[in-house]
Ligand SMILES: O=P(O)(O)OC[C@H]1O[C@H](OP(=O)(O)OP(=O)(O)O)[C@H](O)[C@@H]1O
Ligand code: HPA
Ligand SMILES: [Mg+2]
């Protein structure tokens, strides 16, 4: 395989891009709602799911928003996935009529755990990688498995050297 250019090693998502992609997901989810009353609640997977969940909650006028916290990565290294905080099960039940939102699915390990807790929920992510794609009911953009997605909360604007003159 030919070596990739520096800007091809990751998929860098700006706030603007994330806003547009989360809105596109909301538009899709609106047409996938179970009935005319729409989705009854959102469960955001913290922390990455909170930003898209807020945008989707706004677009679809959903006021009941809870969270589930699953930790599976230490920086870019995957470890055993564990639930640190569960949603209010009196509110969410088996997940019927509920949207579960995350920023992305990679291996699908996080969603495997989450789906077990709320088997009837509709799972949506903004981005998806091939290994985990089967775990989501709706997503917007697929990237290759070897692409690391950098989200705007992990980035900063900074100067870069022009290509000409670099090693
Ligand atoms: O499909 P998987 O291989 O399980 O990976 C996807 C999950 O990994 C990241 O979260 P992370 O656990 O790093 O926590 P964070 O959202 O707090 O950054 C990402 O936000 C997804 O939730
Ligand atoms: O590609 C990724 N980007 C950010 N967080 C992640 N967690 C799993 N995969 C990724
Ligand atoms: Mg996450």
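Each residue, glycine too, has its Cβ placed from N, Cα and C.
All annotation found in TrEMBL is predicted automatically rather than curated by experts.
Noted in TrEMBL for the protein shown:
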BINDING   47, 48, 102, 103, 104, 105, 106, 107, 108, 109, 110  5-phospho-alpha-D-ribose 1-diphosphate binding site
BINDING   103  Mg(2+) binding site
BINDING   106, 149  xanthine binding site
BINDING   106, 149  guanine binding site
BINDING   106, 107, 108, 109, 110, 148, 149  GMP binding site
DOMAIN    14-159  domain 'Phosphoribosyltransferase'
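Known features from TrEMBL, placed on the structure.
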| residue | record | contacts (Cβ under 8 Å, 6+ apart) |
| --- | --- | --- |
| 102 | 5-phospho-alpha-D-ribose 1-diphosphate binding site | 44, 45, 48, 49, 52, 110, 111, 123, 124, 125, 126 |
| 103 | Mg(2+) binding site | 48, 49, 51, 52, 125, 126, 127, 149, 151 |
| 104 | 5-phospho-alpha-D-ribose 1-diphosphate binding site | 48, 125, 126, 127, 128, 129, 149 |
| 106 | 5-phospho-alpha-D-ribose 1-diphosphate binding site | 129, 131, 132 |
| 108 | 5-phospho-alpha-D-ribose 1-diphosphate binding site | 131, 132, 133, 134, 135 |
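The residues of the domain 'Phosphoribosyltransferase' (14-159), classed with DSSP into helix (H, G, I), strand (E, B) and coil, number 50 helix, 48 strand, 48 coil. In the vicinity of ligand 1, defined as a Cβ distance under 6 Å, the following of the binding-site residues 108, 148, 149 are placed: 108. By a simple count of nearby Cβ atoms, those within 10 Å, the most crowded of the binding-site residues 47, 109 is 109. Within the set of binding-site residues 103, 106, 107, 148, 149, 106, 148, 149 have a CB atom less than 6 Å from some atom of ligand 2.
Across the binding-site residues listed here (107, 110), the residue whose Cβ sits among the most other Cβ atoms within 10 Å is 110.
In the structure shown, the C-beta of 149 has more C-beta neighbours within 10 angstroms than that of any other entry among the binding-site residues 148, 149.
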